[in-house]
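Working notes, beginning with the structure itself.
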Amino acid sequence: MSIKAEEISSLIKQQLEHYDDKLDINEVGVVTYVGDGIARAHGLDDVLSGELLKFDNGSFGIAQNLESNDVGIIILGQFDNIREGDRVQRTGRIMEVPVGDALIGRVVNPLGQPVDGLGEIKSDKTRPIEAKAPGVMDRQSVNQPLQTGIKAIDALVPIGRGQRELIIGDRKTGKTSLAIDTILNQKGQDVICIYVAIGQKESTVRTQVETLKRFGAMDYTIVVEAGPSEPAPMLYIAPYAGTAMGEEFMYNGKDVLIVFDDLSKQAVAYRELSLLLRRPPGREAYPGDVFYLHSRLLERSAKLSDKLGGGSLTALPIIQTEAGDISAYIPTNVISITDGQIFLQSDLFFAGTRPAIDAGNSVSRVGGNAQIKAMKKVAGTLRTDLTAYRELESFAQFGSDLDQATQAKLNRGQRTVEVLKQPLHDPIPVEKQVLILYALTHGYLDAIPVEDISRFQNELFDNFDSSHADLLKTIRETGKLPDDKELSAAIEEFSESFTPSEK
């Protein structure tokens, strides 16, 4: 067999023509320590802060601490099978989660993976969990109400679309119930809801999901769940993952409501990670940037300008207090970031006033601009009346000789408290809220015994549904009160036919 020089030279020329001098470089580090949800790796000299890293076993982590000798990594998911000496490599991207309509009606973990046993989520879109908040000129003032269906909130501390309203109170005062009822009331309102459960017991989350399913609310809700058995990094990233899912809808011109239940547990998880990464502790052992932890999250909630589609992301963060102390570190931080707070008091809760909203300490700084005119008119004096009643109530127990005006204020106050009570999972449409508050503020309830107020309200609603639906329609569609004489006459007619219970 003879070797021809021409053939060899043509083969070499062919190879040279297709030669590619691009090198595929993977920067790989070695794990030097692993434990409690964090790892340290040596050799990742060019890694970026917040970059996603991949371990040999397929797990992912986020570069959190960039030090001279090694990198501190928080591990996403299980870390039992990561060993010292394992390799970890850069991915060149930051953490992203799947987003879009495919997630609606599903229960997912903070990585966007389904945990409801309903199969794979087919979503081809992703968003980074950390994103820049909309700028000053990208926003507009809150001008559209987000009705919660809860009389005490819609009348006293109204919430607008794009607002951040904190729900704060001790454990077992009804914080989660308020948020769930608000989600239930969004049915038919064209609002997408996201419930982020951070460190909540698996059984509790299961109960909430069943409630949402029972009332048909899972048709427009995404549940993001990071249970107490999950490693701390999962609890830390859960609110950011939920916000990224909400932003996808917001930037497409839709209205979104997101509930963080609760941010106290996220702060505790972040403190745990920071101490394990040996960051210097500050007040209450929280790291120095714990304020930024929550501010960069909540600033992403906004009412976008019309130029950007006019979508909104309304946030209801929940914070748990100890013995009603709202002056602790995390509560004061979040109060200063949000646009108002709903303060729930255990004394009121155990006295049977539910929802246990403390009108004196609760405030909505921007929601008043979004409140409908009819509600603004009927609820105008409600807060001051309620505060005055609370003061009078404490004085009244010391003596029985009260003048007529004081007695009238006490009677009105008792009826106000009774009207604002509301059973669980029973949101009331805004037009019916306006109706009962109109009856209250115009004195139609003054002669009704306190124990009959609830029955009076239900029968009044039924009466208007059957005989005066046009008046309710006017309030619902225009946001204004109908003709004063007509409304008063209808309520008066019903009041005269109402029979109080026999004692």
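Note: Cβ is positioned from N, Cα and C throughout, glycine not excepted.
Look at Swiss-Prot and you will find Gly169, Asp170, Arg171, Lys172, Thr173, Gly174, Lys175, Thr176 tagged as ATP binding site. Annotated site 'Required for activity' per Swiss-Prot: Ser362, in sequence order.
Swiss-Prot feature annotations superimposed on the structure.
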| residue | record | CB count, 10 Å |
| --- | --- | --- |
| Gly169 | ATP binding site | 29 |
| Asp170 | ATP binding site | 18 |
| Arg171 | ATP binding site | 11 |
| Lys172 | ATP binding site | 12 |
| Thr173 | ATP binding site | 26 |
| Gly174 | ATP binding site | 20 |
| Lys175 | ATP binding site | 25 |
| Thr176 | ATP binding site | 21 |
| Ser362 | site 'Required for activity' | 22 |
Listed in sequence order, residues not in Gly169, Asp170, Arg171, Lys172, Thr173, Gly174, Lys175, Thr176 with Cβ within 8 Å of the centre of the ATP site Cβ atoms: Gln320, Leu344, Ser346, Phe349
Between Ser362 (site 'Required for activity') and Gly169 (ATP binding site), the C-alpha gap once rounded to whole angstrom: 11
DSSP state at Gly169 (ATP binding site), helix/strand/coil: strand
Three-class DSSP secondary structure - Thr176 (ATP binding site): helix
